[in-house]
Amino acid sequence: MIAKVIVDVPTGQTNRLYDYKIPEEMEEFIQPGMRVNVPFGPRQIQGFVTDTTASTEVKRIKEITSLLDPSPVLSGELLQLGRWIAEETVCFLITAYQSMVPSAIRAKPKKRLFLAEDSEAVPVEIADAFAGKTILDWEAFPAEKKAMKLLNEEIQAGRVIVDYLLKNRTEKKMQTILSLAKEYQAAGSKHNLSGNAKKQQQIVEWMQNELGDKEIAQPELLEKTEAGRQAVRALVDKGLLIEKKTEFYRDPYKDKMFQKSTALPLMEEQQTAVDNILESLHKGRTDSYLLHGVTGSGKTEVYLQAIDEVISQGKEAIVLVPEISLTPQMVNRFKGRFGAEVAVLHSALSAGEKYDEWRKIHRKEVKVAVGARSAVFAPFDNLGLIVMDEEHEGSYKQEDHPRYHAKHVAIWRAEYHHCPVVFGSATPSLESYVRAEKGVYTLLELPQRVNRKAMPEVTIQDMREELRQGNRSVFSTLLLDKLKERIDKKEQSVLFLNRRGHSTFVMCRDCGFTPSCPHCEITLTYHHTNRRLKCHYCGHEEQMLHTCPSCQSSQIRFFGTGTQKVEEELTRLLPEARVIRMDMDTTSRKGSHEKLLDAFGRGEADILLGTQMIAKGLDFPKITLAGILAADTMLHLPDFRAAERTFQLLTQVSGRAGRDELKGEVVVQSYTPEHYSIQHAKTHNYKAFYQEEMLQRRRGGYPPFYYLAMVNAAHEDLAEVMKTADKITEYIRSSLSEKAVVLGPTVSPIARIKDRYRYQCMIKYKNEPELTKVLQSVAERYNSEIAKGKLQLSMDMYPYMFM
Ligand code: ADP
Ligand code: ZN
Ligand code: ZN
């Protein structure tokens with residue numbers, strides 16, 4: 001038998017399936033989706049088995065060296081999905097597969113087998129292999145055909161458990177679960193323990209009274225009965241207690257109690273939304289829904305109730321949430337409703353924790369996966385619903401290979417499983433809203449806040465006017481007054497500082513000199529914490545300058561407004577205010593994010609000051625004022641989505657105020673208050689913004705009127721990259737239809753990164769079925785130069801970043 005293997009060498013030359021002979025003893029064991037070690041040239045290399053066949057064209061065939069996984073890590077569905085992603089995003093197949101499994105599993109973990117039940121329950125060959133123990137190294141299992149076949153069956157049946165032992169991690173624990181044997185479960189039922197086995201009698205009686213037929217973990221039993229291990233062992237040996245081994249997960253949320261929540265009676269529009277989604281679920285239809293609901297309209301409750309039905313149908317659900325909205329508050333809402341049925345996939349988890357969460361899904365121990373972008377690959381086999389909350393978020397697009405958009409993957413999987421998919425947002429992306437208008441997605445609307453609560457009132461403060469009146473502070477007089485008012489009334493405020501465009505940089509006041517990175521064409525950023533200058537692209541660092549290298553002036557200073565500076569100014573202007581600052585600096589340590597939010601929730605501060613990370617998901621009843629310090633910093637970025645992002649951000653931040661009984665208010669400070677994205681955010685008018693922005697997009701020839709693709713070439717030699725970019729652009733132009741617009745090549749907005757010069761070519765198109773093939777052949781043409789490490793080429797089919 002032959003295995004088709006994709007090897008773990010991400011290069012153009014190796015981006016194909018290789019044939020390997022399956023050793024006879026593995027024939028009945030090996031399955032697609034398992035990983036293997038194979039000889040490859042002089043080396044041993046990992047690979048995924050994608051298929052098995054009976055014959056091969058290859059004459060001198062090599063044999064698989066060893067099997068890495070006792071059970072497949074990729075299902076048939078995910079193997080197929082990986083092929084689609086590789087094609088759609090023009091990446092190597094191995095890269096697509098690697099992105100679907102947790103990184104911990106890639107790090108060559110040690111594999112072990114656990115016997116989950118008594119050795120009598122398994123075939124004698126298996127019992128022999130374990131030789132009286134309950135743990136066996138996978139490598140030590142006899143490589144013999146019959147035994148392997150039997151092992152396969154035992155694993156399927158759950159009597160043998162496969163475990164991956166991570167390096168530098170506390171190993172996954174097996175826990176002993178105990179229960180009374182059937183005949184001893186009733187309280188007072190007879191046993192023939194001798195009179196001097198006091199402790200044993202005590203245990204049995206306690207269990208009869210407290211547990212009956214229920215199970216208990218051994219450590220808990222020992223604690224409750226103050227008994228020793230020997231007493232319990234003796235009871236197991238005598239057959240009064242039944243012992244079972246189960247896995248014990250590192251649960252990052254285990255110390256937290258989740259307040260149990262129950263379904264709320266729905267508002268009419270919510271009910272309509274749930275009914276629609278469930279109809280698709282029951283009929284097994286792949287319908288895509290756009291749930292457009294203003295902030296605080298109860299979208300999450302719609303997801304929760306739809307998922308409840310999914311679970312009772314015996315199916316599973318994936319909930320995608322942008323990384324920064326995956327706050328403890330958000331997690332609590334799902335854990336509170338579905339408890340242990342929920343796995344959470346979050347980038348802040350350690351590799352081991354992520355792996356555990358992934359395994360819960362892989363082993364069908366949970367029904368719901370809540371997580372950021374990559375959770376879209378959650379290895380469920382029976383999906384009933386996929387939800388993508390805040391569907392407009394750019395973070396759903398992966399900016400590294402494979403450059404996929406989670407939305408496209410979600411739709412692919414929904415089609416595979418014949419289940420509905422819901423995209424939710426208060427500010428849908430134009431791409432999605434236009435699809436809803438055309439009927440590709442079904443539009444579900446929640447136009448009002450729950451219980452018809454009013455939207456907060458938004459005031460726009462013209463900062464140019466403030467300047468004219470001599471106020472050079474980052475706070476307008478109006479905002480300061482309102483902040484004071486809140487402190488007096490013992491209410492809370494959030495202050496939002498847009499990080500983008502606000503990094504602190506250094507400039508000479510005399511000649512205008514600004515230090516930039518010697519390797520990248522970008523200004524260095526000043527870091528308060530260690531008083532050094534740093535490049536955000538390559539990590540280059542240098543000392544803060546005290547004299548200007550260009551004119552020798554000592555008037556060289558840093559500019560810009562970081563959160564730290566704003567905090568300083570705030571405490572100077574409002575010394576009575578208690579401020580909590582949330583930014584990269586104060587939340588880098590694990591758990592600090594949650595601690596700060598909890599403190600704010602307990603009312604230990606009046607003002608929460610922060611960056612992007614506070615714009616989402618905060619739901620505190622005492623917040624009645626939201627302030628945005630500089631609304632327009634994003635408007636001037638070289639990005640056609642700048643206005644859309646500004647509108648989304650303002651809407652999100654306003655959504656934080658007045659979510660409960662108290663009425664909310666918003667102050668937006670701006671240097672361009674007349675801009676339509678700011679004006680329409682003021683009136684909470686998504687539709688008007690959408691219409692105006694659509695006109696702009698049509699004029700510029702941007703999505704959703706055209707699709708975009710981008711090719712970026714980078715090389716150390718400027719002449720070389722210009723030549724290559726020219727050739728590539730010319731080739732693309734000649735290969736596509738007349739209707740495609742091929743722009744460039746032009747130098748990228750950041751002209752050099754890590755000593756490589758960068759050029760780009762942008763493609764605007766409506767219908768080019770050959771496009772991915774054309775780009776694929778571009779990549780193939782330059783394979784050898786890329787392999788030599790000289791040239792870098794990146795293809796992006798859904799570009800979100802234009803730097
Ligand atoms: P969104 O996700 O649209 O911003 P949420 O789902 O967070 O809105 O809902 C806002 C608040 O309203 C939450 O505190 C939620 O518990 C509450 N809520 C949602 N639906 C209902 C309902 N039908 N009845 C009462 N309260 C509700
Ligand atoms: Zn740099
Ligand atoms: Zn100078």
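Here the Cβ of each residue, glycine as well, is placed from N, Cα and C on the backbone.
Those TrEMBL annotations? Automatic predictions, nothing curated.
Annotation comment: TrEMBL describes Cys508, Cys511, Cys548, Cys551 as Zn(2+) 1 binding site. The Zn(2+) 2 binding site annotation in TrEMBL covers Cys517, Cys520, Cys535, Cys538. The domain 'Helicase ATP-binding' annotation in TrEMBL covers 280-446. Sequence annotations record features per position, and here TrEMBL assigns domain 'Helicase C-terminal' to 540-696.
This view paints the features noted in TrEMBL onto the structure.
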residue: Cys508; record: Zn(2+) 1 binding site; contacts (Cβ under 8 Å, 6+ apart): Thr514, Cys548, Ser550, Cys551, Ser553, Gln555, Ile556
residue: Cys511; record: Zn(2+) 1 binding site; contacts (Cβ under 8 Å, 6+ apart): Cys548, Ser550, Cys551, Ser553
residue: Cys517; record: Zn(2+) 2 binding site; contacts (Cβ under 8 Å, 6+ apart): Thr523, Leu524, Cys535, Tyr537, Cys538, His540
residue: Cys520; record: Zn(2+) 2 binding site; contacts (Cβ under 8 Å, 6+ apart): Cys535, Tyr537, Cys538, His540, Ile750, Arg752, Ile753, Lys754, Asp755
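Highlighted in sequence order, Arg509, Asp510, Gly512, Phe513, Pro549, Ser550, Gln552, Ser553, Gln555, Ile556 have their Cβ within 8 Å of the centre of the Cβ atoms of Cys508, Cys511, Cys548, Cys551, the residues recorded for Zn(2+) 1, and are not part of that set. Listed binding-site residues: Cys535, Cys538, Cys551. The one with the lowest count of other Cβ atoms within 10 Å of its Cβ is Cys551. Looking only at the domain 'Helicase ATP-binding' (280-446), the predicted model's pLDDT averages out at 94. Residue density at Cys548 (Zn(2+) 1 binding site): 21 other Cβ atoms are found within 10 A of its Cβ, drawing on all protein chains shown. Under 6 Å, Cβ to nearest atom of ligand 2: this is the test, and of the binding-site residues Cys508, Cys535, Cys538 it is passed by Cys535, Cys538. Using the Cβ center of Cys517, Cys520, Cys535, Cys538 for Zn(2+) 2, the list of other same-chain residues with Cβ within 8 Å runs, in sequence order, Ser516, Pro518, His519, Ile522, Leu524, His536, Tyr537, Gly539, His540, Ile753, Lys754. A Cβ distance below 6 Å to any atom of ligand 3 is met, among the binding-site residues Cys517, Cys520, Cys535, Cys538, Cys548, by Cys548. According to its DSSP assignment, Cys535 (Zn(2+) 2 binding site) is coil.
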